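Notes follow once the structure below has been shown.
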Amino acid sequence: MAIVVQKYGGSSLGTTEKIQNVTERIIEEKEKGQQVVVVVSAMGDATNHLVQSARDISLHPDARDMDLLISTGEQVTSSLMSLALKERGADAISMTGWQAGIQTEESFGNAAISSIDLTRIHQHLQKGKIVVVAGFQGCTSSGEICTLGRGGSDTTAAALAAELKAIRCDIFTDVDGVYTADPRVMKNARKLPSMNYEGLLNLAKMGAKVIHPRAVQHAKEHQVPLVVRSSFNKEEGTSIHHHHSVRDDSSAIGLTFEEGLSRVRLYSSDGEPLKSSALLQLLKKEEVTIKGNQVEADGSFTVILRNEDLYQTLSCFNRNKEKIGIGRMNHSTGLAAAHLVFIDEQSADQFKSRLSMPTELTNTDLWPFSSRPEVYSVLVDEKQAGRTCQILHDSCVESCLDLQAHIN
Ligand code: ADP
Ligand code: ASP
Ligand code: MG
């Protein structure tokens, strides 16, 4: 019998009424003759509230305690969902990640799934039950509960779908598909009716919150058809398949952006170019996430990072000034980045080589920098970010109809 995995995000499960509402879709799928596994996130903002409770008590909460705490959000929803399904006459069983056989590496707060033992899920499916699994969590071989990183219920769903060889993994959320930019922020964002795994992976890695990058990675590796769609209406959503791209144009497929960034610029003490690899290595050791870097025309070196990592970065460079040959150093904060995301590195290169900035942006202070090969990133003053992103989106992201024509 074919298996379908359905994942419902926290935004679709904010109240008990919303939980009751989605049971209809689950039962509908079961009545089509499929075996159904449902993965649920915590209700609404429950995870944020749990994080806040911990911070009310401790400024630096212990990572193991945190995971035990925040994994409870999904357990609440899985049991409520199972109760709601039973109330509607369906046979269901709720499970924690551990009960569902999800084993993770030991990395509190951001664990990867290492293996899944499907024995118990299969036993329940064979008995005709709808299996409701708490997303976002697993258990290490030594019995520790680990969570999968914020937004990680998507990963649970895609990994289960891959392991179960499901015919489809539906990601139900509060928007009706993947758009060329966050539709809640960007006017004119267009829904993409279909796309390939690589495109969605690139968007997710650059922060399009609609799906977690690890979920796309699992689906891609095991060729699980994914559908991102609304839990509130029956619109078709976005289908993600494997397609060999035959594109030869250089339009971006989407735009993402992030605020709260800082820039540090370093000049060498002796006129010799600074060794960028040594500088990046230093920051890697400090576990600072580098958002981008650039060797400037004058030989100085720039790194982009999150505001919260600025102090640590400056003190690390200060400590190693002499060893690395750093002379002058300056920094600025209050910056944002806009990322034009391409289907692959080749399309991004084509775009970069033909790039001409939209005329509306010629007076704007834009600073291109390297983030990932398949992305064109610019840094901009946070105050101008909204306008800049809108102009970049409208002029550089192609129409969804063009995209569909290329992919199909
Ligand atoms: P869930 O609770 O279902 O996991 P999330 O809030 O994690 O939902 O993700 C859905 C949100 O992702 C949408 O409400 C939307 O604001 C945001 N989003 C960001 N980028 C995109 C995009 N390119 N396409 C669609 N939604 C996006
Ligand atoms: N509840 C978790 C979070 O808020 C996981 C998820 O929503 O996917 O990050
Ligand atoms: Mg999410």
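For all residues, glycine too, the Cβ spot is worked out from N, Cα and C.
If you take the C-beta of K7 (ATP binding site) and look for same-chain residues 6 or more apart in sequence within under 8 angstroms, you find V38, V39, V40, S41, G135, S153, D154, T156, A157, C169, D170, I171, F172. According to TrEMBL, the feature ATP binding site maps to K7, Y8, G9, G10, T173, D174, Y179, R184, K209, V210.
Packing around T47 (substrate binding site) is summarised by its Cβ count: 24 other Cβ atoms lie within 10 angstroms of its Cβ, all protein chains included. Per TrEMBL, the feature substrate binding site maps to T47, E74.
Annotation comment: TrEMBL describes 3-230 as domain 'Aspartate/glutamate/uridylate kinase'.
Checking the binding-site residues K7, T47, T173, Y179, K209 against ligand 2, the ones whose Cβ sits under 6 Å from it are T47.
Neighbours of Y179 (ATP binding site), defined as other CB atoms within 10 A of its CB across all chains, total 24. Within the set of binding-site residues G9, T47, E74, T173, Y179, K209, G9, T173, Y179, K209 have a CB atom less than 6 Å from some atom of ligand 1.
Checking the binding-site residues K7, G9, T47, E74, Y179 against ligand 3, the ones whose Cβ sits under 6 Å from it are G9. Closest by Cα distance to T47 (substrate binding site), from the binding-site residues G9, T173, Y179, K209, is G9.
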